[in-house]
Amino acid sequence: MNEIVWPTIDSKHLIVDSKQMLIVEKEMFSDGMPQEALMEKAGIQISRWLLKKKPLLKNGITVFIGPGHNGGDGAVIARELFLKGFYVQVWCPFPIKKTLTNDHLNYLTSIGVTKLVEPPDANGKDLWIDAVFGNNQTRKVDDRLIKLFNQKFHNKYSKVISIDIPTGLCPDKGQPFLDKAVKADYTLAIGLNKIGLTQDSALPFIGELHHIDVGVPISKLSKVDKKIFKVTYKDLKNIDLPSLPKNSNKYKRGRTLLIAGSEKYPGAAYLALKGAISSGAGYVSAVLPEVVAESIWQVAPEIVLKDIMQSNQNGNASLFGALKNIDLSAFDSVAVGPGIGIDNDDWQKSKDYLLDYGGLLILDADALNRISESKLGANFFLERKFKTWITPHSKEFRRLFPNINSSTNLGLALDAAKEFNIGILFKGANSIVADSKKVWQLFGTDSQTARAGLGDLLSGFIAGSSAIDLTFCRNITAEYFAKYVLLHSFAASKCKKGSNASAIGDELSKLMRNKKMRQIS
Ligand SMILES: NC(=O)C1=CN([C@@H]2O[C@H](COP(=O)(O)OP(=O)(O)OC[C@H]3O[C@@H](n4cnc5c(N)ncnc54)[C@H](OP(=O)(O)O)[C@@H]3O)[C@@H](O)[C@H]2O)[C@@H](O)CC1
Ligand SMILES: [K+]
């Protein structure tokens, strides 16, 4: 079960940095693939993509051709569209540096494509294609060029398409080299997706991201050392959820315990429980504050109440009193955190129970804040010798790991996962799940996933789902973690704006039921 790779290792899913892309290309060239052929392939594939979108082309096309091979791709596109009868003109904002690009450009002018000597007018209705700089750009670009492009983008008379990477955007960091980069309506990533394109910080620049396949052999992809997968809602169809035999008793259908809520934040406990129930786990039990415990039987009669948590004078939950009475080893997974509030003394007394727990420990929200404020800090994770998954958003992450520095959220998640031997969900517009070996970058997910209360729902859902999967495989990887996060995000995307976390919980239950039914039939 551990070897299953989800999603598959292919050029649609694998994300690389600019150096890795260069290595893959170089290997293809040294294996005998002519460079000219690869450029031709990229240019023709993009032209095909464009020809399926005729309304974009009807007012003519202006291609900005840069000095390197990104410009060469642009020249091939210009040629193909011109040959199909469209009005095409090109402009070269910089002197051409590469022979291949120059050859293509010379041919273009010989067949009658106009080569502008002055910059084009940003108020025209023609489509602009940014083939200025691509994967190997390393520094800031002339400000006037970016301004011109962005004038075009903002006036909305027509569209801007960036080839491979928007000019001015760092392919690795997903941020402009210096405050500005081309803003595109579409970015067409050639060969493989570059890390920078899938970062939250790139969202204002890339527009719709599409992948252009140029046939990178799987043997080359398998060799990419650090595996980062881009996953979208399309990858939901390949999620196999283990089906539990109907006659298996409830203790064998996943046992989870949630420690959630406080007098101050009772709602978080309801939502976490709702998430756990929607997973279909057989045995969901909880440690709850009295306010929630009193009424839980009315909303969720299937919950087994394990104990009641006292609250301190500020209304935050005291875990210790409950933890000392519970045998945690009876549970496949335990989730702690949603709405418990902060109580440093209580954490000091309680933490050993959690350190010693041998199952999957899921820590969220105030459990993470309690760790950040404790003496042990993030070393808690190193002291714990068993599987731990955490679900911070960026502020919680910074508090937990002040010494981890990376220019991207993806880098931060991977470094923390490696250094502290944990599974991490780094929540963002497009969330990231990482363990020490692999990373799953969610992409194109609904930003609604950040609605209030959804984090609590998610913690419970992860706890319940993992408890089920742990009954099949004692050593589940972060691949499962990533699947749960994607399922939860999809359920949120199905609900209308304004629907609350509880309604999304209902949607999640429905999704899980349907998914399992379809797998069985
Ligand atoms: N992946 C694939 O399968 C395929 C990829 N292909 C395509 O190749 C592209 C990569 O091409 P590339 O190596 O020529 O680099 P690219 O980014 O065009 O420009 C680098 C040049 O620009 C210069 N330069 C950089 N920044 C600058 C600045 N701010 N201001 C001024 N100058 C600047 C830099 O000069 P230097 O730094 O050396 O001074 C260098 O000469 C890739 O994105 C894709 O479109 C396809 O053709 C084949 C299949
Ligand atoms: K570009």
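Here, residue 1 is simply the first one shown, and the rest follow in order.
Backbone N, Cα and C atoms are what each Cβ position is placed from, and that goes for glycine too.
The AMP site in TrEMBL is built from Lys427, Gly428, Ala429, Asn430, Ser431 plus one of Gly455, Gly460, Gly464, namely Gly455. Binding site for K(+) per TrEMBL: Asn70, Asp130, plus Thr167 from the candidate set Thr101, Thr167, Thr187. Within 10 Å of Lys427 (AMP binding site), counting C-alpha to C-alpha distances, fall the following of the binding-site residues His69, Thr138, Asp164, His393: His393. Spanning the listed AMP site, residues Lys427, Gly428, Ala429, Asn430, Ser431, Gly455 have a farthest Cα to Cα distance of 14 Å. Among the binding-site residues listed here, namely His393, Asn430, Ser431, Gly455, Asn430 has its C-alpha nearest to that of Asp130 (K(+) binding site).
For ligand 2, the nearby binding-site residues are Asn70, Asp130, Thr167; that is, of His69, Asn70, Asp130, Thr167, His393, these have a C-beta under 6 Å from one of its atoms. With respect to ligand 1, the binding-site residues Asn70, Lys427, Gly428, Ser431, Gly455 contribute Asn70 as residues with a C-beta closer than 6 angstroms to one of its atoms, given in sequence order. The Cα of Asn70 (K(+) binding site) lies closest to that of Asn135, out of the binding-site residues Asn135, His393, Ala429, Asn430.
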